[in-house]
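To start, the structure under review is shown below, and the notes come after it.
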Amino acid sequence: MELNAFTILQIAVFIAVGYHANTHSPVAGSEVQKLTSDPNDDIDVSYCGMNCTVVNGKSDECSENCKCLHEGDDPKGICVAITYFGDWGDPNDDPKINEATPQTQIFEKKRK
């Protein structure tokens, strides 16, 4: 089997890229820099499964935990639930974090 220079070059580049990816990827247990977050940025918005219409600045079609979200002057919108996570703090700082981890096996193994 005959190898030409281009094939050898491709193999060398493949090995170099693989080596670079393995030596420069994050490793379990490595220190990751924590970014400071603004509580106003830590939010979760989820669709409530309903549409709504704003009439005279009010909407009664959304459920209790949802709000009507519309664009500009368009009276038609969607119901969304907004959760602010910023006030909850870092869960890893909670002294009871170890109690929150599963202590028993969650999934049962198939029996033969």
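Numbers here mean position along the shown chain, with the first residue as 1.
Every residue gets a Cβ built from N, Cα and C, even glycine.
The feature signal peptide is assigned by Swiss-Prot to 1-23. According to Swiss-Prot, the feature disulfide bond maps to C48-C66, C52-C68, C62-C79, an assignment based on similarity to another entry. According to Swiss-Prot, the feature N-linked glycosylation site maps to N51. As annotated by Swiss-Prot, region 'Disordered' applies to 89-112.
All features noted in Swiss-Prot, drawn onto the structure.
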residue: C48; record: disulfide bond; Cβ within 10 Å: 17
residue: N51; record: N-linked glycosylation site; Cβ within 10 Å: 14
residue: C52; record: disulfide bond; Cβ within 10 Å: 21
residue: C62; record: disulfide bond; Cβ within 10 Å: 19
residue: C66; record: disulfide bond; Cβ within 10 Å: 20
residue: C68; record: disulfide bond; Cβ within 10 Å: 21
residue: C79; record: disulfide bond; Cβ within 10 Å: 20
How many whole Å apart are the CA atoms of C68 (disulfide bond) and C62 (disulfide bond)? 6
Can you tell me whether DSSP puts C62 (disulfide bond) in helix, strand or coil? coil
Check the DSSP secondary structure of the residue listed as 'N-linked glycosylation site', expressed as helix, strand or coil. strand
For C79 (disulfide bond), just give me the three-state DSSP call. strand
